[in-house]
Amino acid sequence: QISKMFGTVVVGVGIAGLARIRDLMNPMPSSPSEHLKLLGFVSRRTFGNINEAKQISLEDALKSKEIHAAFISTENRSHEETIRMFLEAGKHVLVEYPLALSAKAAHELWEMAEQKDKVLHVEHIELLTEEYKQLKKEVSGKDLVKGTLHFTGYVLDENKSGFPAFSGIARLTWLIDLFGDLTVTSATREKQKDKNYSRMTVHFQTANKKPLTWIEERGPGMRREKKINFCFTSGCLENFPQAPRSSVGLFMQDQNLFAKKLLGQVSKEELAAEKWRILRCLDLAEVIQQYCEEPEKIYS
């Protein structure tokens, strides 16, 4: 029996795209990734080759019968259009989060993938970090009283990366994965254009009506950092639990998961839970954006 191989193309060669090319060229021995074969990459810039990977045109990537799957690592703003093209061409898709910059688009893309019987996989390496796995263990089975997740980072170009609730969806994903479904109770956003500063504050309730706050703060010189303060009936957690370094890189772990889906090795239950989580977070991101962009209510 000849083992099934999936020809792949990487679209976009920023930091993530280059990591994808590296991992596709050096799959983990005897892992699902050995079923992926990199046939080229697509970029608006001209590279020629990167290592042994050759640059091909978008048209050729879409037309090629040898290419079965696309890894999309372009800027957030163009995810939707690029996914649509590859699904229409009958290819499986792996895309870096966020899937799209509107909930409507995300639901449409998911439906399209299902109609075409293609895998649509959204990278969520933030759930694969050892730090996060330890945190999840620590939080598991405890009763939340209240909590805050505060992220700081460098300035993003919103025209490319989208509204902070979408570009920062990794944080929202953590909260949903740790505490279950959430409802937005309020959300505001402060911007200081001259200082290139932005701070979004979102208030949620858990299913048990417990308050959670997410702060996404970006400005010049801000270190990329997450701070937590989760209080449970048994006490508060203010620091991340110590976590070992993983021997397997995050993009490689994600690539293995995608390959497992292509090989039909992921259960229907897992796929359904993941679909719910991804679309739910995008729905909430949109609600948050609407709250933040609402003109101030004036009470007479």
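Every residue, even glycine, has its Cβ placed from backbone N, Cα and C.
Given the structure is predicted, the values throughout are model-derived calculations rather than measurements.
Look at TrEMBL and you will find V13, G14, I15, A16, S43, R44, R45, Y97 tagged as NADP(+) binding site.
The feature Zn(2+) binding site is assigned by TrEMBL to C281, C292. The number of other Cβ atoms within 10 Å of the Cβ belonging to C292 (Zn(2+) binding site), over all protein chains shown, comes to 19.
Under the heading domain 'Gfo/Idh/MocA-like oxidoreductase N-terminal', TrEMBL lists 7-124.
Per TrEMBL, the feature domain 'Biliverdin reductase catalytic' maps to 132-244.
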Notebook entry, point to check: For the binding-site residues R44, R45, which one has the sparsest Cβ surroundings, going by other Cβ atoms within 10 Å?
Noted result: R45
Item checked: Length of the line joining the Cα atoms of V13 (NADP(+) binding site) and C292 (Zn(2+) binding site), in Å -> 32
Notebook entry, point to check: Relative to the Cβ of G14 (NADP(+) binding site), which residues of the same chain, six or more apart in sequence, are found under 8 Å away?
Noted result: S73, T74, E75
Note to self: Could you give me three numbers for the domain 'Gfo/Idh/MocA-like oxidoreductase N-terminal' (7-124), the DSSP helix, strand and coil residue counts?
What the structure shows: 47 helix, 32 strand, 39 coil
Note to self: Going by DSSP assignments with H, G and I as helix and E and B as strand, what are the residue counts for the domain 'Biliverdin reductase catalytic' (132-244)?
What the structure shows: 30 helix, 50 strand, 33 coil
